[in-house]
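**Student:** Okay, handing you the structure first.
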Amino acid sequence: MLSIWLTVLVAVGYIAILYTIAYRGDRRPANQVKPYRYALAQGIHCTTWAFYGTITQSAYYGWAMAPTYVGAIIVFIFLHSLQMRLLHACKQQNLTSIADMIGSRYGKNATLSVVVALIALVGIVPYIALQLRAVTGSFAMVTGFGSQPLPWFGDVAALVALAMMGFAILFGTRRLSLAEQHNGLMDAVAFESVVKLGAFMAVGIFVTYGLFDGIGDLFVQAAQEPRVAEVMAGLPSGDFVYVTHILLGAISMFVLPRQFHVSYIENNDPEELRTARWAFPLYLFAINFFILPIALAGLILVPEAARSDTFMLSLLLHAEQPLMTLVAFIGGLASATSMVIIATLALSIMMSNDVIMPLWLRLTDQRLRKFTFSPARILGIRRSTIIVIIGLSFGFHKLTEANMPLVNAGLLSLALLAQLAPAMLGGLIWSRANKAGAAAGIIIGTTLWVIYLLTPAIHSQRELTDVAMSQGILLSLGCNIALFILGSLLFRSDSVEKRQTKLFVDPTGGHPELYQHQPINWGRLRQVLARFFDTVELDRLAERLQIDLNSAPPDDFVPAPILARVERELAAVIGSAASRILLDAITQQPGVPISQVVTWATQASQLYKFNRELLQASVENIPQGISVVDQELRLVAWNRRYLEVFHYPPGFVQAGMPVAELLRYNARRGLLGDGVNADIDAEIEKRLPYL
């Protein structure tokens with residue numbers, strides 16, 4: 001057994017290191033491209049399941065590799081184009097969460113966003129609670145302290161919950177715009193992935209070469225044990241369960257809030273995802289390498305602990321190796337804390353942007369009497385939701401008396417979140433998909449999940465076996481897909497959905513986004529933006545949009561391309577659904593001359609129709625990189641090859657963008673004149689007259 005105070009001291013020291021790494025990371029400029037950090041951060045997928053559940057699973061089925069990780073590997077290797085399509089859509093529209101993505105795809109539907117956010121909350125809060133339970137259980141086991149609280153230090157789960165709550169608040173809610181990446185947070189998550197892998201490999205090497213004379217000796221001794229031979233022979237249902245879990249693992253790479261946040265919200269450049277395509281599968285192979293050897297060693301030395309979640313710790317305690325036990329405990333702590341931090345942050349973004357803010361805006365008078373939002377209040381809402389989510393998770397941990405293994409509990413959460421997959425992935429690849437089909441599929445899938453998975457899991461009279469769980473997963477997903485397709489075929493998409501469909505099904509197509517609200521004048525727009533951005537943020541926004549908010553005549557109407565970009569900028573702060581509700585509200589005002597509306601709409605329509613139907617069709621099939629500018633030297637159209645040649649970030653190139661802005665961006669990357677030492681303004685002025 002380990003000393004209680006030594007274990008606590010090491011755990012506190014580890015968390016202090018996390019805070020230090022995050023603090024130093026936040027002092028660097030945001031949005032730096034770091035492919036290997038990004039690839040390591042994908043290790044957020046590996047929770048306490050990676051340390052405890054997968055070994056228990058392997059000891060039961062004899063699996064050499066966790067099937068959920070096989071599914072993740074399949075996604076990164078074979079579905080990379082789908083990941084890239086989702087990344088482009090997220091960056092192009094400043095999406096902030098899964099709920100934001102699904103709601104935006106189906107016509108920026110606020111109701112659908114709320115449903116998705118609540119499903120994520122129901123699925124993830126219990127799983128966060130399980131991370132706390134795993135930390136508490138492993139601490140009790142390695143110290144022999146039992147379930148009673150420490151003399152004055154309190155509940156270890158409470159300490160972890162408070163530390164992670166503080167971490168998420170400090171390093172996840174510093175910036176108003178969610179389009180700006182969190183350097184410190186990503187540094188810490190990448191570090192935790194290294195700790196998890198290092199700890200697991202260290203334990204695996206010790207078990208294989210310290211307790212046995214290598215892999216060969218381990219397998220020879222395992223073959224002489226009747227119990228082990230029975231496990232290695234496999235169960236009749238093993239293949240069916242394995243394939244089902246592979247499917248869940250593949251889906252999880254898209255629908256897990258923490259994975260979505262790290263993969264698509266915190267991404268700085270497509271190059272990061274390209275690197276992760278090969279680096280993350282290698283990481284998963286490495287962290288799975290010793291799963292079966294550790295499981296076999298446990299079956300030989302501590303067979304009585306084979307079905308417990310602390311199988312690995314039982315093996316190390318049996319071997320009387322305090323140092324390796326401490327290493328394993330820290331590895332498990334890293335697995336839990338990284339999941340808690342990112343999952344809590346992702347849920348808080350969903351709840352604040354897709355539930356609280358849209359509701360607040362709808363309850364506020366539609367004529368915008370008193371919108372009381374401010375940058376400080378928006379950040380306060382996010383921080384409050386983090387506190388509530390951690391509180392709910394800790395309460396669930398304390399109140400539940402269930403003894404469900406981590407593997408089954410994790411799969412139960414995954415099965416619920418998987419009900420979002422048809423709407424999400426179908427919306428990326430099928431242009432006929434609409435909100436009627438998405439809603440129908442999610443409702444029937446969730447209902448069947450409750451009937452065939454949740455109910456048997458919480459009632460001991462109806463045991464939820466692995467086979468029954470797999471059957472329930474396939475049944476709920478199958479009916480979900482069927483209703484999704486049927487609903488999409490029976491109902492038509494409205495105009496907003498059709499516009500959004502083009503942006504998601506072909507996010508790199510170069511088509512501009514047509515703004516579909518009534519006209520707004522500059523004075524009205526300034527008043528609204530001042531509610532959400534402080535002076536510094538407002539100046540940055542004006543610089544990004546290439547506009548002068550202060551000098552624009554207050555009674556003139558804002559051009560449609562600028563309004564479209566303003567909506568996207570607001571979406572990065574309050575979410576797509578809330579930004580649409582807000583702009584709908586401020587445009588429902590009397591006194592707009594009909595002649596002005598007609599003129600405004602006609603001009604916008606003619607411009608975009610020309611861009612989309614003629615120019616885009618012309619340049620897209622040209623093999624060279626092509627862009628078209630108007631007489632005011634603003635970008636009108638471009639093809640995919642043009643984006644690839646210059647490696648522009650997703651969503652950076654927009655219709656109406658001044659060519660000077662593109663030249664300035666390229667000059668900063670050292671692509672003009674004498675590289676990074678060139679006089680940027682001079683290089684730009686030199687080139688503009690030739691366009």
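Placed from the backbone N, Cα and C atoms, the Cβ positions cover glycine too.
Bear in mind that the values here come from a model prediction, so they are computed numbers and not experimental data.
For 613-681, the entry in TrEMBL reads domain 'PAS'. For 6-23, 35-55, 61-82, 110-130, 194-212, 240-257, 278-303, 323-350, 371-394, 406-429, 436-455, 467-491 (among others), the entry in TrEMBL reads transmembrane segment.
Let's see these features in context: how buried, what's close, how far.
**Tutor:** For the transmembrane segment (6-23), the list of distant contacts is 139, 142-143, 150, 153, 156, 163, 167, 170-171, 184-185, 187-188, 191-192, 195, 326, 329-330, 333-334, 337: same-chain residues at least six beyond its ends, Cβ to Cβ under 8 Å.
Long-range contacts of the transmembrane segment (278-303) within its own chain (CB-CB distance under 8 A, at least 6 residues past either end) are made by residues 35-36, 39-40, 42-43, 45-46, 50, 54-56, 58-59, 62-66, 69, 72-73, 76-77, 193, 196-197, 200-201, 203-205, 207-208, 211-212, 215, 218-219, 221-222, 225, 227-228, 231, 311-312, 314-315, 318-319.
Panel annotation: around the transmembrane segment (436-455), residues 102, 106, 112, 115-116, 119, 412, 415-416, 418-420, 422-423, 426-427, 462, 464, 468-469, 471-473, 475-477, 479-491 of the same chain, lying at least six beyond its termini, place a Cβ under 8 Å from a Cβ of the stretch.
Long-range contacts of the transmembrane segment (467-491) within its own chain (CB-CB distance under 8 A, at least 6 residues past either end) are made by residues 237, 240-241, 244-245, 247-248, 408, 411-412, 415, 418-419, 421-423, 426, 430, 432-434, 436-446, 448-449, 452-453, 456.
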**Student:** Between the transmembrane segment (406-429) and the transmembrane segment (194-212), are there at least three Cβ pairs closer than 8 Å, leaving out pairs fewer than 6 positions apart?
**Tutor:** no
**Student:** What stretch of 35-55, 61-82, 323-350 shows the most Cβ pairs under 8 Å to the transmembrane segment (194-212)?
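**Tutor:** Top-ranked stretch among 35-55, 61-82, 323-350: 323-350.
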**Student:** Mind checking which residues of the chain, 6+ beyond the ends of the transmembrane segment (61-82), have their Cβ under 8 Å from one of its Cβ atoms?
**Tutor:** 45, 49-50, 54, 231-235, 238, 241-243, 245-254, 273-274, 276-278, 280-281, 284-285, 287-288, 291-292, 295, 414, 425, 428-429
**Student:** By a Cβ-Cβ criterion of under 8 Å, what residues six or more beyond either terminus of the transmembrane segment (323-350) are in contact with it?
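**Tutor:** Answer is 2, 6-7, 10-11, 14-15, 18, 43-44, 46-52, 96-100, 116-117, 120-121, 124-125, 127-128, 131-132, 134-135, 138-139, 142, 160-161, 163-165, 167-168, 172-173, 178, 185, 188-189, 192-193, 195-196, 198-200, 202-203, 206, 257-258, 260-262, 312-313, 316-317, 382-383, 385-386, 389-390, 393.
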**Student:** For the domain 'PAS' (613-681), what's the mean pLDDT in this predicted model?
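**Tutor:** It averages 73.
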